[in-house]
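Down below is the structure, laid out as structure tokens.
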Amino acid sequence: MAQDRKKVLVLGAGYAGLQTITKLQKQISADEAEVTLINKNDYHYEATWLHEASAGTISYEDLLYPVESVVNKDKVNFVKAEVTKIDRNAKKVETDAGIFDFDILVVSLGFESETFGIKGMKDYAFQIENVLTARKLSRHIEDKFANYASSKQKDDKDLAIIVGGAGFTGVEFLGELTDRIPELCNKYGVEQSKVKITCVEAAPKMLPMFSDELVNHAVNYLENKGVEFKIGTPIVAANEKGFVVKVNDEEQQLEANTVVWAAGVRGSKLMEESFEGVKRGRIVTKQDLTIEGYDDIFVIGDCSAFIPAGEERPLPTTAQIATQQGEHTAKNVKNILEGQPTNEFEYVDRGTVCSLGAHDGVGVVYGRDIQGKKAAFMKKVIDTRAVFKLGGIGLAFKKGKF
């Protein structure tokens, strides 16, 4: 009977949430459950491509596609709304478009930028966070070149860019920048030698997930393209002039008219308001990706702190993990609907590739180090596969990297 259908509610159409939906809609009939997907935008965007749109090497439109283009409307009700409250005990979710009841809840609300309380960071630095921030940043970079070219009183700081963070996002953004800068210089008649790109990293090593050989390749490649690295140099503040850094216990002002923060992400702030034991927007889940005390609430993606059995630290927040969690959660939701026990999540690490612009990269694929053009090719394969897994061959052909 239709009135006996369980209500399955999925919050967020990022990698984890949309993967849950696209897999679940293939596994159940419309009579088995009333499935609702809530997302604040009517589009999904490829978050792992944000560094490209932020640098301007691709358009922001290349990042996104309509959620409804991959949703089976006969089985899934899509609602464009912003979630404002999760009441786990009353089994209700409040949004700006009304209140939704649930029997099974999947929380996959995605990430936000984490500034670690650094003074002025939110006010003065660009973030690599979503489609809107990407549009603003790429436009700002070009505006500064245009301003420099048209001004009688040249301000060299218009051609200075400082990036905070030499982790994955920071390095990939730097790679795209080194592709974009020659285009901008050519367009606006600017001498490329006048452009100054600086990367500041507090940790003693950049890209800590990779071997020294791969890190050295990335550093050499980017330095040859004009990037200056300041490693082991914490940023203590951001202001209207740029970043304030600490060097040998002394503060120094680094000046630029474009400063970018790419050194941290956290789960949605709604997590702290809705659940206990949340740190930086992430909650520790059980092995089946539900949370303690609530066998009908799954938390996946950037809001999930999943610690594999026998280990001490949670897995990092990556699209690969989020996608696998989404696939697994779809199966577990199906199990619950059929009165079957849930299964434990087992992550399969297929590797990681960090792009250095369109033609180079470093990475580890199935335990083997790769670099150069081979890594760049693998990155395109990974990006295209991610689109294929959500939208099939048609979407992969339209939005993929080949």
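Note that Cβ sites are derived from N, Cα and C of the backbone, with glycine treated the same way.
For GLY12, ALA13, GLY14, TYR15, ALA16, ASN39, LYS40, VAL83, ASP302, ALA319, GLN320, LYS379, the entry in Swiss-Prot reads FAD binding site. Sequence-distant neighbours of LYS40 (FAD binding site): residues of the same chain at least 6 apart with a C-beta under 8 Å from its C-beta are LYS80, ALA81, GLU82, VAL83.
What Swiss-Prot records for GLU172 is active site. DSSP assigns GLU172 (active site) to a helical segment in the three-state reduction.
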Quiz item: From the Cα of GLU172 (active site) across to the Cα of ALA16 (FAD binding site), what is the distance in angstrom?
Solution: 22
Quiz item: When a 10 Å sphere is centred on the Cβ of GLY14 (FAD binding site), how many other Cβ atoms does it contain?
Solution: 24
Quiz item: How far apart, in Å, are the two Cα atoms that lie farthest from each other among GLY12, ALA13, GLY14, TYR15, ALA16, ASN39, LYS40, VAL83, ASP302, ALA319, GLN320, LYS379, the residues recorded as binding FAD?
Solution: 33
Practice problem: Work through the binding-site residues one by one (GLY12, GLY14, ASP302, GLN320) and name whichever has its CA nearest to the CA of GLU172 (active site). | Solution: GLN320
